[in-house]
């Protein structure tokens, strides 16, 4: 018995030491990543200082205030040099004006200086000649990490540029910064244990949104003029809404496979390792596909970026991308539009200011000669619970939990992690006990612990089929009303940091168009007023339950923060979507 107790004690001690060593190793990896980031910032700050000594008379504020179209014109004609523009933006970031306030930068790209030299050798100036561009953490750039905020990704550098980065460079752009993301990308906050919490530059108490939150914060803070994000449930549109930017989620296949991560379609740490990874399957082979798209200060910038990307180089480098060049005629059209509209999706009622934005925009469009038609998106509660969430948690979240094994879990994700950890038997029991409340749950399901899973391959195929059926039904309803586009709300205003983790299902307004795979964009049209804040006090939501009250708390204290609307078109009609966004932008600025 004594020997058994000794053996047990030794085993427990060994286990404690093993766990401590594992945590210490994780901590060292994180510290090394942070040190590398800080050294990169110092290096770029030194390069800026050298440039300043050589060219002391740069009008920094004048350059930073130029819209993208005007800046490209100045660069094309030669009245501004790419070197001057690059170091002006690098200075804005490296001088800590943006990064200290927001912690939006994951890493500078020192090779931007090499790209600066490379574009001078080009025979022709591309559409983005000399434009500094920021890219989201997981978009591959040669020689850099694509971390997704996960420790296991800190040891693998990209061996080559992603197709997207290659095309940007061929168009004369200069990728100069990679931006922060939430851990595993599965959050619309922006926090991970490696690089920390990113804050909203308009209000440090607020979140910038996610998962492209680093992009949103950097652009809104003036540190970038054009950024590339990704969107699988609102990850471009929510940061754009929270930070007062314009952002476009295209049809996923319009820029398909330009996403590069340090794994093959279903492997993570390296192509050879073959370690299956939730993020890989999620982003690259999924019935609700991930879309890459631009984020910027105005709609014209988004249009120019899409025009630059949808070029012969893109189609040659990646034959999976349909060879459909940007249709300038559609974007430039001024023909009246037939616009469907709604201010609530019947699932998660949004704050009063977001519904006000839709109503005011509808009236402005009507006054401008467009035809407005009431539209009601069908069965959004069903889409949210049975199509969207069931797609992500078909296995009860087990693959996602595997990703987080060996990681320090970010506090934002802990409520979701805890829900996924419920044993299957407990989940079944919960589903049985809550069956009498089925209608309420369908109306607003809050906890992934009660989401049904796909228990067989046959059930998974049937689930995919249900998504296709819903898409067909939605398009039929759209066509019956002869709509060109749809105007609808987007989640906002910016949440107080920490709240996105408590309100996963509040993203129904954006999620719907990921399930449908429709192009959708966000345009800021107003700001939160004192009257909005007073009206918010009366907000009851759907059921005046804890989640409705949490939403009320999340958006309170937002006077002066941006208020946006969402613009939607049918698949492959990005140019029409952008044209509609431009119309909304123009009308909002004229009022």
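Using the three backbone atoms N, Cα and C, a Cβ is placed for every residue, glycine included.
Quick look at what TrEMBL lists:
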{"type": "DOMAIN", "residues": "97-578", "note": "domain 'Amidase'"}
{"type": "ACT_SITE", "residues": "136", "note": "active site, charge relay system"}
{"type": "ACT_SITE", "residues": "211", "note": "active site, charge relay system"}
{"type": "ACT_SITE", "residues": "235", "note": "active site, acyl-ester intermediate"}
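This view paints the features noted in TrEMBL onto the structure.
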residue	record	Cβ within 10 Å
136	active site, charge relay system	27
211	active site, charge relay system	32
235	active site, acyl-ester intermediate	34
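Calculated from their C-alpha atoms, the gap between residue 211 (active site, charge relay system) and residue 235 (active site, acyl-ester intermediate) amounts to 5 Å. Cα of the residue listed as 'active site, acyl-ester intermediate' to Cα of residue 136 (active site, charge relay system): a distance of 11 Å. Over the domain 'Amidase' (97-578) the predicted model carries a mean pLDDT of 88.
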